[in-house]
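Here the structure is laid out as structure tokens; the discussion comes afterwards.
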């Protein structure tokens, strides 16, 4: 039995630069990981069975990203004669990341399954192959597979490794879940932010094109951001619902968390450029 980290991510900035004919939005964003997240426990099996021991209420196992990722790896490795006979697993997840929070929980779980099972089964797929598989599961999965902070373009799959400052963050959950399509389908969402170079963006004040829509449609997000902004620079991550404030020290972040109103759930974590999953493989 082995335990594998499935870390959260933050979008330190997020700009929507266009919309493709297939409906997907093109963007420019900066991904950084947190030293905080879910934990997957994986017990390899030799009878070919795949079991999720911690099902999610209302989500059939075969639709769960964890199971879908495992099946996808099984199929890809089998088709290239790299799946040892009888490969299977019992998988359980200790969830700390909220669904619909903008922290990448489901995508991170999928990436951890791909990376961990490839290692435990000895399939020998490359990082590039795993990232390509991950993209079939979601646009955010490849960055978790690669495990390095990155500037992302396209629909989020064109990644350039970067080294943003590793600050401390107070991440707050306003108590609502925001499905990504709710934000991306909003007619008022900016969809024509000019594309800029990495260097230009890294030297500008960071912001998120989705933030205004999230604040307008969800008063809880507005209230959380209004409270955080009293203490530090704060933004929405992804399409929400989580918001974060940045600090130079852990103690400063914890001091603010200690004064948080009862309706605001939060945690303090450090931004890291090498993900805990990547570190687990070193």
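Every residue gets a Cβ built from N, Cα and C, even glycine.
Noted in Swiss-Prot for the protein shown:
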type: ACT_SITE; residues: 9; note: active site
type: ACT_SITE; residues: 140; note: active site
type: BINDING; residues: 98, 99, 100, 101, 102, 103, 104, 105, 106, 107, 108; note: ATP binding site
Give me the Cα-Cα distance between residue 9 (active site) and residue 98 (ATP binding site), rounded to a whole Å. 12
How many Å separate the Cα atoms of residue 140 (active site) and residue 108 (ATP binding site)? 8
Residue 100 (ATP binding site), number of other Cβ atoms within 10 Å: 19
Under a criterion of Cβ-Cβ distance under 8 Å and sequence separation of at least 6, what residues of the same chain contact residue 106 (ATP binding site)? 65, 99, 138
For the ATP site built from 98, 99, 100, 101, 102, 103, 104, 105, 106, 107, 108, further residues of that chain with CB within 8 A of the site's CB center: 8, 97, 238
Does DSSP give residue 102 (ATP binding site) helix, strand or coil? coil
Non-local Cβ contacts of residue 102 (ATP binding site) (under 8 Å, 6 or more apart, same chain)? 11, 178, 236, 237, 238, 239, 240, 241, 242
Reading the DSSP string in three states, the entry for residue 108 (ATP binding site) is helix
Report, as a single number, how many Cβ atoms besides its own are within 10 Å of the Cβ of residue 108 (ATP binding site). 29
Fewest other Cβ within 10 angstroms of its own Cβ, chosen from the binding-site residues 98, 104: 98
